[in-house]
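J.: Right, I'll just put the structure down here and ask away after.
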Amino acid sequence: MALYFRTQWPIDGEAYSKEASGMNAIPSDKELLGVPFAVAMSSFLFLAFRGAAHYAFNYFRERRGEGMVLSVRSPHGFIERNGGPVTASFFIARVLGSLALVGLSVPPILIAYGSQAPGLHKDLQWYGSMLLANVYALGLLLSSAAYPRWKVSLVRHHITILLSELAVYAYRDLWPLATYDKQPLDISEGWLLWLRIGVLSLTGFIIPVCIPHIYAPADPKYPAEKPHPEQTASWLSFHTYSYLSPTIMAATKVAHLSPAELPPLPDYDRAHYLSERAFPYLNPAKVRKGHHLFFGLMQVFGMEFFKSVVAVTVYPVALFAAPLAVNRLLTNLEHGGGATVRPWVWVLSMFIAPVIGSFAFQAYAFVMTRALVDAESILTQLVFDYALKIRIQADVDEEPSKNRSSGEAPQQGSAEVPSPGERDGEQARHQAKLKPKTTASFIGKLNNLVTIDMKNIINARNLALLFWFTPFQVIGSSIFLYILLGWSFFVGLAFMVVLLPVPGYLSGVLQSMQKEKMKKTDNRTQTVTESVNVLRMIKMFGWEQKVQERIDQRRDEELAVVWKLRMLGLIIGIVAYVIPTITMLAAYATATIVMKMKLTAATVFSSMILFDTLRNELYKMSSSMLTEFTRGKVSLDRMNAFFRETDLLDAFVEGYSDAETVVPPTSQSLDDGTIGFCDAAFTWSPEQTAGTSTPNSQFRLSVPGKLEFLKGKINLIVGATGSGKTSMLMALLGEMHFSPISADSDSAFNLPRTGGISFAVQESWVLNETVRENILFHSPYEDERYKKVLHQCALEQDLEMFEAGDLTEVGERGLTLSGGQKARLTLARAIYSKAEIILLDDILAALDVHTQVKISLAVWIVNKCFKGDLIEGRTILLATHNIALASPVAEFIVSVGADGVATSRGNDIDAILASEPTLKGEFQQDAEAKVEGEERAIGASASDKDKKAQGKLILSEEIKEGSVSWEALKLLIKSLGGNHVILFLAVWVASTAFQYIMISFNLWFLGHWSSQYETHPAEEVEVGRYLGTYVALTIILLAGFAGRDIWFMLGKMRASRTIHRLLVESILGTTFRWLDETPVSRIIARLTMDIDTVDGELMTNANQVQGLALQMIVALISAVMFVPLFTLPGTLIAGIGIWLGSMYLKAQLSVKRELSNAKAPMLAHFEAAMAGLVSLRAYGAEDVYREELKKRIDHYVRIARMSFDLNRWINFRIDVLGAAFTASLAAYLTYAGNISSANVGFSLNRSVRFASGILWLVRVFNMFQVEANSIERIAAYTEIEQEPKPTERGKPPAAWPTSGELRAEHLTSRYSKTGPAVLHDLNFNIRAGERVGVVGRTGSGKSSLTLSLLRCILTEGSIYFDGLPTNEINLDSLRSNITVIPQMPELLSGTLRYNLDPFEEYDDPTLNAALRSCGLYAAQTDGREGRLSLDSNIASRGSNVSVGQRQLIALARAIVKFVSNERSTISDYVHSGSDLRHRQVPISDIQRVFDRLADHETDNIIQHTLRGELGSDVTVMTIAHRLQTIIDADRIMVLDAGHIAEFASPAELLAKPKGLFKALVDESGDKVHLYEVAERKVKPSTSEAI
């Protein structure tokens, strides 16, 4: 067959290929009738081979003794085997259709056999082969019913045979109907022909696409109880997404569609199934060896990617039908007939081709979105699993300071000698300012990985579009343009090739800028996260404004890069638009000027579609897809770096062991059951970083020789503050890096885990659950054991104080509990566990022995718990300061010296005290302080009582219903417009309308140019004038486009800055009560994920909604301009689209809002697990937490899948609507219109734009509504309850305060407006310079009093500070003049300098002086590695320093603050600053539990500082820590149930025969010493409580 090609589309009367014997002749022979038989024979051979292979395989397995492969039990009964009544009915219909086809195959044979016509006998073999093919197909169908195992294969072969038969008849008898010069070849069969075609269509096509699918579980071991509808949907329902229609209809009938009403999660999307499928390819061990995550993901989702490539190959082929159809129709109109193919074929193709294209594209989107939701599930599990194996340590600066001389701490008492740090401090500070702060919280990094980075990776899902579809479109468009324009297109193509490096270069710049943007986002996120985590401290210190300024600065730095990114994106967009335009103009100019070609309407409008395709693809590639791909690549690289660079525990380093527990190195010196060390040394990091000062990274714990703890006994680990007691426990748990103490030693350590480990950490770790769930910690509930634990851990009366008893929620980080309650709850968890080994890290520190009125809780724990039956036979390792209290129950003691060397001491207390002088004084004080007398019992278990209250503290997140609220839209619009909202909106709308009017006008002008060739000879058409005019119009269009985008970008920047500032301001200014009820993870989600959405998708979608609405209006007007009659159908199509869109929006809004809330529990689970990571690993609870994460992921994936699938539902339907409108308009213009071909082309082009505009408007409007959920959530947070804002009237005089006088009149306080009063009508007066101690039982009101003085809770009555009522003073002025030293100090991630002076207001000599005054330098042994200095790095929350050191740093911070407020009142608020009472009734029955966070020496340093460093004119209010602390106070206030029970000097209180304070002292072991101190105290004035 000889072929030839033309460089212009011919009219339909001309052929694309010619045969020597003639044109377009269809052979009259019957060879094609043998195709079905050939297909049937191929099927038979394939099935025979497959069956033989199967049975041979089973035969040889049986011969080898492996047994037969067990098959899945087949359902009994015909209906059950065929998937139920509906599927069985379809099967019967299919059998009847196949029987009918066999019957219809007989008449042609009989006619041929009995006919006398010449040649018919020769056709007998072809009709016979058709009969055999149909009989074979029927046999396959019947066999499928008999052999269920082979059912799927047999049915597919049956369908293939029938489709091949249908294709033969379609070619022979249907295609000729679409032409002018051909007839059906089998027309002689009459009605039998059409009946056969109908039965073939029904049996071979309609039934197969409509029959429901039989559910087959992804994992036969875990079938779904109720499969997802997509798993049982028919082919047609699946690809049109009709299986979602019941859910969408249900959504229209309710205000909000809850998750329970959504379809269940498909079993192949379950987290468990996905992790097993993906782990072999995404093992982090491969990543650590250089294998990139991308390649692992491609291996996991290779099949999905292949399917997507197939889909996006079909899609562009369908898209090319539009320019072909337009060209054929316009050519027909231009030439007035003479076509071979009837016009209705091209009209029909304008409907069918877009529908097929929609099938293909939606299939691509379905496959990719499902794959990427699954990828998010896999990566989230992978990050979590990997995070469970990392080593928690301080993050250090990447570029450590060169000058670290300020770290040389002076010895105590050397205040007169300037330290080297003071001499070189300014230089060190200058370097610190120049050096970027790269220290970041691990949890903050993890939060970014699973939120922003994960989102970027998911958004970069269009790899197949970027690397296959776009090149396919560009190449295909180029080929068609060559056919239309000839070689003139190559001139334009040359321009394109020359200009293509420009977007390539800009893309490289974009990628580097995106990396910079992510760094700035990280900095802002870290600052925000850390600020939220210590928000209570910020508010107590009055730092809100300063923190706001710091966050705003980080935001401005981020937005500066964002502005550059957006401007670069605009430039890339303009370049992407200009390149195809230059290509088009060059091609048109060459074709008309050089080639003298007629630029007809058919050529213009066909080529315009193709040039638009080029422009759109290059624009999408360079703007959105390339940007998304760049972001995704950067984020995937960051995740890859997380797996490659994060430091793992020793047990997981080599080959990334998959073991769930840490296995210590073995040694001949230690047996498997031994607990201990042998010549072992431990550090916090494998390699010491040169020039870096981080206390934990430089600390070294050494255990020379062999040290074995006694099994089944209580073992003590003692030592001074910071000596390494906790480190010894961490070393046993495998948390520290192990190394031999010497090269030739047989070094090892061992902690048997077979019997289980329980661990009570020093800084109590509690879950955001109920008290009971905290104690059980995933263990089964045993009533008797549970009650014993409550009794022995002294929790019974605590629970009685809660309305809900042990069902009370403790809140985030246990904020409803005191420090002592948290410590006992943590201890109860360890005791309730049945683990054989219990590690206790200084739990007695929270149970001080000196301040209890009736009983010492510490003594109770020792006597009731450590001597109780629950401890019997279990091994206890207790790190403690309290040697006197714990040593009587201990049988083995290990001491850790200040140099970090651990020594076995047996049970010789004297040897320990002799070797450690610092412990000797401590022992003596503790020995004197033992409680004398009989202990009273603590009340009955609260669990026995009927608790009616639910104990709910954390409020569930509110889910909005309906459309986006006006308040949220108003916030967005006002933020966009600033002070000139109307002007902004007017310019925005006008510039958009101008842009789209110019686009339509440009297109019309091209049509007008082409129409000149219909009325004038080509040489008379002034090409130069038309070309120049078009260029000028294009320049005007580009200027309008750029101006509009710049105008809107200015608004976006303004909105991003304003919304973020309002949100931060609102959160910083909220009340303490609101902070108690709102999880930190929820606040962080607003400040990270929601802000990121506002910055990106929300703004973009708002711009697109406005643009698409105006584009659709302009396109509709343009389309019907020459056909006014079609205004009504166009409006009707738009109305139907809006109706479908409204149903879709109703469902999608509910789903998206649930989706936003489904993400937060995953993040909260992450944060909770990472906060207690050491405890998790100690308990071996990793698997439990993994399973919980999988449940939360499954919930998230279920909603996410539904969200994506709803998009497919609306997209397909809008595509069909648009195609119907375009095809109907084309039919009208072809058969009933009377306008020029140029105007026809213009109308068709605009109708296509209008049709696609409907889809995108509905889609983008939905996306805007969905993303507007973020602005709703932000708007809700800008309206939360606020503390009073500063006013001019509230500013105190400049000299205020001149004294520290404090007076309260009728002070009543409560924690909420509806809650009970916790302080009742208090009246007292504290004179300036007085030192006042405050004591009382738990719940007596000590914490409430401090919070009332700071106006942190609701107060009635009056408080006067230096003569001014505090309710008339601005809160920041009040709190900045009252310094708080919290019990559990919050430290920030950064240097020690940054913690003391976060706003860089003081010089280094001042900071060093504060460190000397607080005793931190004195507490460190001279010459010891890792000693704290101003340049030492402190991890987030101070996790790399001891709790005692944190307390000293908090005291130093208070001293620094005191420098600027010489008359400040310093409140030694030893109780936790985050402990805000949420209870409906105050606790009043148990004595107060005070945290004893430091050893005696450190405590003495603190007390010395409070007495000597602050001056006699400073008022000090001290909540009692020890009686020694307050016994020399000027006066002591005793609180009881919110009332002042006693308030006088110590001597006066001790003189009261039945006084509460006297009883407290009399019960103390050192009452003689206390009486002596009180008598020596100068007699204070007789001022009493008012």
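Heads up, residue numbers simply count up from 1 along the chain you see.
For all residues, glycine too, the Cβ spot is worked out from N, Cα and C.
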J.: If you look at how TrEMBL annotates this chain, which of 191-216, 1101-1126 comes out as transmembrane segment?
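T.: From TrEMBL, the annotated transmembrane segment range turns out to be 191-216.
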J.: Between the transmembrane segment (154-171) and the stretches 91-114, 305-324, 559-579, work out which stretch tops the count of Cβ pairs under 8 Å.
T.: 91-114
J.: Against which stretches of its own chain does the transmembrane segment (305-324) lie, if we need a Cβ under 8 Å and a gap of at least six residues from its ends?
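T.: Same-chain residues near the transmembrane segment (305-324) but 6 or more away: 298, 346, 349-350, 353-354, 356-357, 359-361, 363-364, 367-368, 371, 463-465, 468-469, 472-473, 476-477, 480, 606-607, 609-610, 613, 1248.
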J.: If contact means at least 3 Cβ pairs within less than 8 Å, sequence distance 6 or more, would you call the transmembrane segment (559-579) and the transmembrane segment (981-1006) in contact?
T.: no
J.: When each of 91-114, 344-367, 463-483, 981-1006 is checked against the transmembrane segment (126-147) for Cβ pairs under 8 Å, which one has the most?
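T.: Comparing 91-114, 344-367, 463-483, 981-1006: 91-114 has the most Cβ pairs near the transmembrane segment (126-147).
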J.: I need to check the long-range neighbours of the transmembrane segment (489-510): which residues 6 or more away from its ends have a CB within less than 8 Å of a CB in the stretch?
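T.: For the transmembrane segment (489-510), the list is 478, 481-482, 565, 568-569, 571-572, 575-576, 578-580, 582-587, 590, 618, 622, 626-627, 630.
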J.: With Cβ-Cβ distances below 8 Å as the criterion, list the same-chain residues six or more beyond the ends of the transmembrane segment (91-114) that contact it, or say none.
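T.: Sequence-distant neighbours of the transmembrane segment (91-114): 82, 120-121, 123-124, 127-128, 130-131, 134-135, 137-138, 141-142, 145, 158, 162, 165, 189, 192, 195-196, 199-200, 202-203, 207, 211.
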J.: Residue list, the transmembrane segment (463-483) vs rest of chain: Cβ under 8 Å, 6 or more residues beyond ends.
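T.: Residues 5-9, 305, 308-309, 311-313, 315-317, 319-320, 323-324, 364, 368, 489-490, 492-493, 587, 606-607, 610-611, 613-614, 617-618, 620-621, 625-626, 629.
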